[in-house]
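Q: Here it is: the structure, laid out below.
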Amino acid sequence: MNALAATNRNFRHASRILGLDSKLEKSLLIPFREIKVECTIPKDDGSLATYVGFRVQHDNARGPMKGGIRYHPEVDPDEVNALAQLMTWKTAVVDIPYGGAKGGIGCTPKDLSMSELERLTRVFTQKIHDLIGTHTDVPAPDMGTNAQTMAWILDEYSKFHGHSPAVVTGKPIALGGSLGREAATGRGVVFATEALLAQHGKSIKGLTFVIQGFGNVGSWVARLIGERGGKIIAVSDVTGAVKNQNGLDIVDLLRHKEETGCLTNFSGGDHMDPNELLTHECDVLIPCALGGVLNKENAADVKAKFIIEAANHPTDPEADEILSKKGVVILPDIYANAGGVTVSYFEWVQNIQGFMWEEEKVNNELQKYMTKAFHNIKAMCQSHNCSLRMGAFTLAVNRVACATTLRGWEA
C-alpha cells in the first residue's frame, strides 16, 4: 500500500473514531491549492532545459502551511499530495501553529552543476513567490535540497518582498538558521523514545537498539542513544550493515564512515546481511531510512519489543496488524519524527522576533513539545481505546477539525 493510500486510510479510521461529519471529513482531505510550474533554464553548455516544479498546499486552518521541497527525478504528484497531508497531521500532533504542504522539482540533482541548481531554484522561486510567504507557506529542505537551496530561495524571494528570513526554514546559521536544527529530527526521535520507555517503566540506559539508516537522522539517533547509555548492537545504511553484541562504538563508526564513505570493514564490529537487520534480536528497533521496510513478509520475524518510526511510513498496514497482535509497541512516524518541523517552527519564531536562541534553549523547548505531545497522544489512546498510531491521528485530526469548524468552513 503506498503512502497516500495508507495516510487516507489512517485519516478515515481516525475520523470514524471521532465521529466527524462526512462533509467535514471530505473537506479536510481536499488540498487547499496545487501549483504546477514549468522552469526553463540555460544549462552550462548553452542548451535550454525545462523542469516541472510543483507545490501542494494542503490545509491552512491552524496557520501557515509548512513542508519540504525535494529535488528528485521521480516526483510523483500522488506522493507529494500524501506528504502534504501528512504534514498537516504532523504539525497538529505536536501542536505547532501550521498546516501541511510539500513540493519539489522533477530533476536529478547530481546531474546538475552548482550554478544550474542555483538557476533552477531561482526560476522556481520566481514562479511561486506570490504563493509562499512568512504567513502563507514556509518551505524547508527535503530529499536533494539543503541549507544552500534555502539560501537561494530566501534571496530570490527577498528581491520581490524585502528581507524575509522567515519565508524558509533550514537555512544556514549565517542567514538566520537556528542552532540545533541539524540534529533536531534525531534528537526529537530520542525524546519521543524516552517518553515511550518511561511510560513502560524503562529508560534508554541498558537497552539494546538496532538502527536502520545512518544518514542525518540515523547517525544523530545513534550518537544520542549512545550518550544516554543505550547499547547499539547493529546499524545499516545503503553501503551495508555492521553488528556487535557488546555494542558498537558510535563515535568510531561515524569516523570510519567519514573516512571510507561506508559502514563495511569497520574494525569494531562484524559484517551482517542488511536484510537480517530488521529481524535482529533487540529491545528497540528504529527504522530511519525508507518507507515500507516492515511488511507482511518480515513482520512476523521482528524480535524487537518497541519500534520507533523515525522514517516516514516504514510500516505497511499489514505489518502493523501482525506486529500489534504480537504485542510490539509502535511509536508512529507522525509523532516520532516531528522534531525536525518543531525546530523549524522555532527557527521561524526566532526570525519573526529577530532574536536568536541559545542551542540549549532550542533543545529544552524541543523536549517540552515532544514530551507534552506524547502525553496528549496517550490521553487520546485511553479515551478511544486505540493504538498509539490512532491516538496520534485522532489527536491531529481533531485539532484540525476544531480549527476548521471554529473558522466557519461551510460559509
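Cβ atoms here come from the backbone N, Cα and C positions, even for glycine.
Automatic prediction, not curation, is the source of TrEMBL annotations.
Relevant sequence annotations retrieved from TrEMBL are reproduced here:
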- Lys102: active site, proton donor (ACT_SITE)
- Lys66, Lys90, Ser344: substrate binding site (BINDING)
- Thr185, Asn216: NAD(+) binding site (BINDING)
- Asp142: site 'Important for catalysis' (SITE)
Q: With the residue listed as 'active site, proton donor' as the reference Cα, tell me which of the binding-site residues Lys66, Lys90, Asn216 is the closest one.
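A: Looking at Cα distances from the residue listed as 'active site, proton donor', the smallest one goes to Lys66.
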Q: How big is the gap, in Å, between the Cα of Lys90 (substrate binding site) and that of Asn216 (NAD(+) binding site), rounded to a whole number?
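A: Here the two Cα atoms are 20 Å apart.
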Q: Take the C-alpha atoms of Thr185 (NAD(+) binding site) and Ser344 (substrate binding site) and report the distance between them in angstrom, rounded.
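A: Distance (Cα to Cα, whole Å): 10 Å.
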Q: At a 10 Å cut-off from the C-beta of Lys90 (substrate binding site), count the other C-beta atoms across all protein chains.
A: 27
Q: Measuring Cα to Cα, how many Å separate Ser344 (substrate binding site) from Asn216 (NAD(+) binding site)?
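A: Between the alpha carbons of Ser344 (substrate binding site) and Asn216 (NAD(+) binding site) there are 16 Å.
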Q: If one looks at the chain holding Asp142 (site 'Important for catalysis'), which residues at least 6 apart in sequence have a CB under 8 angstroms from its CB?
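A: Listed in sequence order, they are Gly67, Gly68, Ile69, Arg70, Lys102, Gly104.
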Q: Using a 10 Å radius around each Cβ and all protein chains in view, which of these binding-site residues has the most neighbours: Thr185, Asn216, Ser344?
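A: It comes out as Ser344.
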Q: At the level of the C-alpha atoms, what whole-angstrom distance separates Asn216 (NAD(+) binding site) and Lys66 (substrate binding site)?
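A: Between the Cα atoms of Asn216 (NAD(+) binding site) and Lys66 (substrate binding site), the distance comes to 21 Å.
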Q: Just jot down the residues in the same chain as Lys66 (substrate binding site), at least 6 apart in sequence, with C-beta under 8 A of its C-beta; none if empty.
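A: Listed in sequence order: Met87, Thr91, Tyr98, Gly99, Gly100, Ala101, Asp137, Val138, Ala140, Thr169, Val341, Ser344, Tyr345.
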Q: Give the maximum pairwise CA distance in Å, whole number, for the residues Lys66, Lys90, Ser344 listed as binding substrate.
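A: Taking every pair of listed residues, the largest Cα separation comes to 13 Å.
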Q: List, in sequence order, the residues of the same chain other than Lys66, Lys90, Ser344 whose Cβ lies within 8 Å of the centroid of the Cβ atoms of the recorded substrate site.
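A: Apart from Lys66, Lys90, Ser344, the close residues are Gly67, Met87, Thr91, Ile96, Tyr98, Gly100, Ala140, Ala338, Gly340, Val341, Thr342, Tyr345.
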